[in-house]
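As structure tokens, the structure follows; a few thoughts come after it.
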Amino acid sequence: MDARKEGLLLKTLFSDQHPQVRRWLVPFILACSFYFLLWIPEDQPSWVSALVKCLPILCLVVFLWAVTPGRSSSWLLQGALVCSAVGDACLIWPEAFLYGMAAFSAAHLFYLRAFGLSPLQPGLLLYIMLASLIYYSFLLPHLEPDMVLPVLAYGLILSSMLWRSLVRGGSAGWGGVLFTISDGVLAWNAFICSLPFARHVIMTTYYAAQLLLILSGPRNPGLKTH
């Protein structure tokens with residue numbers, strides 16, 4: 001689906017012909033607001049803070065279940081969201097950081113499968129890998145030796161997801177860019193130096209990215225009526 005067709009689809013989704021679609025997004029908006037209003041300190045990890053952080057993503061799972069019931073692309077996007085929620089929960093506890101990276105790697109692989117490999121556009125991948133090499137040339141010297149390979153592996157998967165999302169275009173492309181920005185700021189803040197308002201930037205771009213990525217999925221929306 002090209003960007004213009006997707007733009008027409010999104011207008012249809014949010015038009016008066018599909019008021020229930022907008023209603024199914026309300027829980028996501030409320031959950032995001034709840035997260036930012038509570039703003040539980042990061043030095044107080046708990047299952048409550050994990051739930052509050054994961055809740056917007058779980059609301060998007062329900063949104064897809066309601067808007068695109070039983071479709072293969074919907075299952076792939078839901079799989080990406082569930083893995084992301086697991087990753088969110090893991091990142092609450094610093095000692096579970098690697099498990100969080102593994103969960104998000106799985107999420108990106110679900111997105112890769114959902115976006116497909118056609119058209120290929122390898123030239124775009126080359127530009128993305130060159131930009132990634134520049135970023136990692138700054139990041140890698142600050143990592144512990146046992147973190148280098150996991151971070152590189154995750155970076156490769158993230159770059160691949162960005163590539164396919166940009167090829168798909170539309171909301172998927174913007175979602176891939178925002179996800180990459182979110183992860184880039186997170187890694188820089190965690191391993192190189194603290195950044196002002198880092199958590200605000202990380203979470204705002206992350207939630208926006210997930211919403212944009214899953215909005216690229218519905219093509220002919222249907223709604224569950226029972």
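From the backbone N, Cα and C atoms, a Cβ is placed for every residue, glycine too.
Positions annotated as transmembrane segment by TrEMBL: 21-40 (among others).
The transmembrane segment annotation in TrEMBL covers 46-68 (among others).
Long-range Cβ contacts of the transmembrane segment (75-94) within its own chain (Cβ-Cβ under 8 Å, at least 6 residues beyond either end) map to 45-46, 49-50, 53-54, 57-58, 60-61, 64-65, 100-104, 106-108, 110-111, 113-114, 210, 213-214, 217. Sequence annotations record features per position, and here TrEMBL assigns transmembrane segment to 75-94 (among others).
Sequence annotations record features per position, and here TrEMBL assigns transmembrane segment to 124-141 (among others). Residues 148, 151-152, 155, 159-160, 162-163, 166-167, 184, 187-188, 191-192 of the same chain lie 6+ residues outside the transmembrane segment (124-141) yet bring a C-beta within less than 8 angstroms of a C-beta in it.
Annotation comment: TrEMBL describes 147-166 (among others) as transmembrane segment.
What TrEMBL lists as transmembrane segment is 173-191 (among others). Within the same chain, residues 3, 104, 135, 138-139, 142-143, 151, 158-159, 161-162, 164-166, 198, 201-203, 205-206, 208-213, 215-216 sit at least 6 positions outside the transmembrane segment (173-191) and bring their C-beta atoms closer than 8 Å to a C-beta of that stretch.
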